[in-house]
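Annotated features, as they stand in Swiss-Prot:
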- 1-41: signal peptide (SIGNAL)
- 182, 225: Ca(2+) binding site (BINDING)
- 278: active site (ACT_SITE)
């Protein structure tokens with residue numbers, strides 16, 4: 001993927017040129033300089049921007065601080081894609097805090113015209129030691145992806161991110177139309193904290209899909225991908241809503257050489273509202289999910305609930321005190337309908353402690369999937385509160401952007 005960075009204005013040859021050309025070049029230089037200064041001239045608008053991850057896997061092996069050590073010259077306030085790119089400054093890994101004070105259209109208001117065009121302009125690379133935080137309820141991103149790839153120590157907080165719409169999905173025989181582009185990608189990266197972030201299909205929901213060649217023209221991929229040996233990730237107090245294939249941890253059954261022993265991820269105090277599946281689906285990784293709320297409907301017209309926890313090849317998951325409210329649940333393969341919140345994809349390790357399904361306790365360990373109990377030690381301090389319908393309501397109310 002391409003790194004987006006501010007490019008300086010090249011020196012123009014003056015031979016045979018009019019004074020108008022020289023003035024145009026000067027104007028471009030001034031405009032570029034002003035753009036950088038707008039991105040650079042900012043005071044810290046919230047002390048939340050200097051906070052580090054306080055629990056979960058992101059606290060381990062040195063912790064996750066993002067841009068907490070940023071100097072005053074590396075604190076920015078941005079409200080446009082040009083300002084955002086200027087603040088990121090390409091691959092500059094010096095600590096920085098980027099405060100998002102407006103709705104940022106990553107496309108810059110120019111519609112994508114092809115796969116190549118969307119790939120070139122919609123994928124925004126985030127460098128190491130960066131905190132990106134929305135101010136109030138103003139921090140929004142549309143028409144693109146935040147790509148955290150090959151870096152370390154990144155924090156995303158208090159943001160609304162609309163899942164991108166693929167303008168040129170590809171067709172796979174036997175599998176139909178498939179889309180690219182996730183809202184957030186964590187790839188080959190360690191130490192990431194995602195907190196109070198809302199990711200949603202927003203204005204373009206799946207019931208608006210058309211058909212092409214007789215099949216549904218799918219234009220959404222995932223909300224969040226964590227893959228290729230990424231490690232030490234915490235996702236907290238966030239809201240995932242109105243989406244189908246939501247969170248993937250480990251992208252392939254054949255990537256064990258890179259993923260084994262990594263992909264350690266914590267999910268706590270999140271709301272998954274009207275999402276179809278993969279919250280998460282895990283391969284190779286070790287996932288700890290506690291005090292999360294899952295709301296869905298098997299008969300939903302756009303986002304039919306299928307399952308929450310997908311246990312894939314060499315993946316393991318510990319569930320503690322989660323709340324599932326799923327309408328129109330049905331028995332699958334002769335098992336109790338409550339067992340449908342878990343799906344086995346060749347995975348062998350899963351345990352649940354104290355979760356409730358539709359307001360009542362249920363033993364998910366007795367569903368007959370043949371899982372071994374999760375026995376790995378959780379190395380960080382945490383507090384999984386006893387889940388009740390009242391607590392589930394509080395978690396839901398606090399989840400997502402604008403609540404920090």
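The backbone N, Cα and C atoms fix where each Cβ goes, and this holds for glycine too.
Owing to the predicted nature of the structure, the values given are computational and were not obtained by experimental measurement.
Features per Swiss-Prot, on structure.
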{"residue": "182", "record": "Ca(2+) binding site", "Cβ within 10 Å": "27"}
{"residue": "225", "record": "Ca(2+) binding site", "Cβ within 10 Å": "24"}
{"residue": "278", "record": "active site", "Cβ within 10 Å": "27"}
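The CA atom of residue 182 (Ca(2+) binding site) is located 14 Å away from the CA atom of residue 278 (active site).
The residue listed as 'active site' sits 10 Å from residue 225 (Ca(2+) binding site), taking the C-alpha atoms as the reference points.
Annotation note: residue 225 (Ca(2+) binding site) sits in a strand segment as assigned by DSSP.
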